[in-house]
Structure formats: C-alpha cells, structure tokens
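Engineer: Take this structure, written in structure tokens, and hold onto it; I'll ask about it next.
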Amino acid sequence: MPTLAPSGQLEIQAIGDVSTEAGAIITNAEIAYHRWGEYRVDKEGRSNVVLIEHALTGDSNAADWWADLLGPGKAINTDIYCVICTNVIGGCNGSTGPGSMHPDGNFWGNRFPATSIRDQVNAEKQFLDALGITTVAAVLGGSMGGARTLEWAAMYPETVGAAAVLAVSARASAWQIGIQSAQIKAIENDHHWHEGNYYESGCNPATGLGAARRIAHLTYRGELEIDERFGTKAQKNENPLGPYRKPDQRFAVESYLDYQADKLVQRFDAGSYVLLTDALNRHDIGRDRGGLNKALESIKVPVLVAGVDTDILYPYHQQEHLSRNLGNLLAMAKIVSPVGHDAFLTESRQMDRIVRNFFSLISPDEDNPSTYIEFYI
C-alpha cells in the first residue's frame, strides 16, 4: 500500500535523476503533489487512482482550480477514486525547476535542461513508481495538461486505463509556436532576465513575465467575449483618447490585461514560464513515431476528446483531428462557450456533464444503464 500525502495537503516526493529525451539529466528531482480520496485496488490489481494534469501556469491543487468538478460526489468523485495531481517537472510550485536549488548549493537557473511534454510524463511515471503505484484508472487534463494526458496514453498504455484529453492538439502548430515564442522573447528581453540566472540578483524579470501573460491571456479567452465585455470603453477615470498617449490612460481591456499580468507575476516564476512554454513548442505526438496519424492510430487506450468551439489557442478542428485518428476513441464532446480556451476551466456545468459521462463510460453503473455521452462532430 503506497504511503500517500495527507488528503488535500501538499507533499514532496523524491524521484531520483530524470533523463530528458534530448540527453540531459535533472539530478535529484522532486515532484510536488496533492491527493484526495482513498487508495484502493481491485481484484485484478488495478488501482482507483485518477491522475489530473494541470495547465501551463497551474499547480497540483486541482481542488482549487477545478473546485466544481473534484470532491465527494462530484464528477471526479473522491468517494470512489484516489485523485492525484502533480506539479509538473520544471514548475515553480514545489517540483524541481529552474528556481530550485541544484545539488551544488546554487540555483539551477539556466542550467536546468530544456524539457519536452514526454519528459514531463516520464518524470510523473518515475513519481508513480516511487510511490509504488503501477496503474491508474484514468488520466485527465486540459491544455498543456491535455498534451501530457495524450502522451501518457501513447507512452504507457499498460499503466493508463483511460484518458480524457481536453482543449489541445496532437502537435504544436506554427501559429502556436509563434505566439508562444513571442511570450518567451518578452521575458528574455527583460533586462532583469540575465539569461535565466536572475535568482540571486534579487530582481525578477517581472516586466517581461507580465508582457508574456498579456499576450497569452488573449489566446485563452474568446474574441467575442473580450469585445462584449470591454469594447472600446475607457478604464474608469482614464482617457486613452487624449492629445498625447500616456501609459496610465488606458482602455478598459488594457486595465484587465494589466490585472491578469500582475496576478501571475505575484505567483509564478519567469524561468518556469519560459521552460514550460518551450515544452509546449516541442509538443508533437508524431515525432519519431511515423507521423501524427500513425502515432494517434497506435494509441489503444480509450480516449475521450473535448474541445471548445471558440478556442483561439487550440481551435476545435484540432480536437476533431484527434477524434478522427485515435486508435480507440471513447467519445467526442464540444464545449459551447464564448469564453474560449479557458472554458474547460470555467464552464463548470458542461464540464461536469462531460466528465461524469467519461467516468460512466469507463466504469459503467449497472444500476444506471442509460449513461450516454453527447457527440458534436
């Protein structure tokens, strides 16, 4: 029986050295995680563990950012499942990353290796191995977490019972790489960046990180939603239409983006942001597997795919591509929302229905045979 973190509390697990697919080594790595629900195994020895994968700037406390979905009696039912959410390797919320201390007593900084989505999954596999968990009932994740979920199904089919892949693609598109590289450049152009070795300077590249967040946040929201909320309105008591442009005289949407930037700067590390954004740029399920469609067809883990109809960052046609080529499509669903990419986090009613049906499909309730999933292709 694995010794797990107390329910709802952050715990750190040592996983040893992590070798990246590009040939680097992250020595003495640690993974931070949260756990909810009791661990059990069935008579075949398969566990009731559900592994949740967070998005780019998320963390392991899924009960916070998916509060409407995770808990006793909820869609991700902790009365039934042992739910585990890790902080990704390279992150800044407890797992080893650029802002962590290297074994030599100094910060990792820019010595921290570049990582891929596959490296992130391999680190999580080492984490499960360290806990003594050999199987999981399901893996669920959206955005960068969806990319990890898809790679889990491709890399470790003997471990994963089923997967729910949300709001992501089979590989990074040129547009995604471009918009994400612009965010990286904003941080690297901050004079406090110091090539990633700023941790001992006492000055963080906050301006660059804030600029990156402004760019990113526009891709997380729907164009129509942003326009309907703000239009061309001026921020209260400010005048962006004066005779000279002044930075403190803003449109309302500028104030909103400033607010989002300030929030992220207070809680996230720029080094981790660059590292994880670069990992998203490297995402390609087909690399060294014969191309996208061949790689998807080879995935035999049952996979539910869901996307958002107004997603700018990962347009819905990318989830349609997944659904048409996966080797074992469990179901396909569309989240209908003006919100855009973030709808998998904010549209709780639709997500509740999708996730409940996902678990009903992988663990049918004999007392409720009418379980179904809605298809929107």
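Glycine is treated like the rest: Cβ placed from N, Cα and C.
Sharing the record's features from Swiss-Prot:
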type	residues	note
ACT_SITE	Ser143	active site, nucleophile
ACT_SITE	Asp311	active site
ACT_SITE	His341	active site
BINDING	Arg213, Asp342	substrate binding site
DOMAIN	48-347	domain 'AB hydrolase-1'
Engineer: Looking only at Cβ atoms, how many others are within 10 Å of the one on Asp342 (substrate binding site)?
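Structural biologist: I get 22 for this one.
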Engineer: Out of the recorded positions listed (Ser143, Arg213, His341, Asp342), which are within 10 Å of Asp311 (active site), Cα to Cα?
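Structural biologist: Final answer, ordered: His341, Asp342.
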Engineer: Across the domain 'AB hydrolase-1' (48-347), what does the pLDDT come to on average, as a whole number?
Structural biologist: 98
Engineer: Can you give me the same-chain residues 6 or more apart in sequence from His341 (active site) with a CB-CB distance under 8 Å?
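Structural biologist: Expected: Ser143, Ala167, Thr219, Tyr220, Arg221, Val308, Asp311, Ile312, Leu313, Tyr314.
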Engineer: Can you name the residues of this chain that are 6 or more positions from Arg213 (substrate binding site) yet have a C-beta less than 8 Å from its C-beta?
Structural biologist: Gln183, Leu257, Gln260, Ala261, Leu264, Val265
Engineer: Around Asp311 (active site), how many other C-beta atoms are within 10 angstroms of its C-beta?
Structural biologist: 27
Engineer: Work out the three-state DSSP category of Asp342 (substrate binding site).
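Structural biologist: Where Asp342 (substrate binding site) sits, the three-state DSSP reduction gives coil.
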Engineer: For Ser143 (active site, nucleophile), which DSSP three-state class applies?
Structural biologist: coil
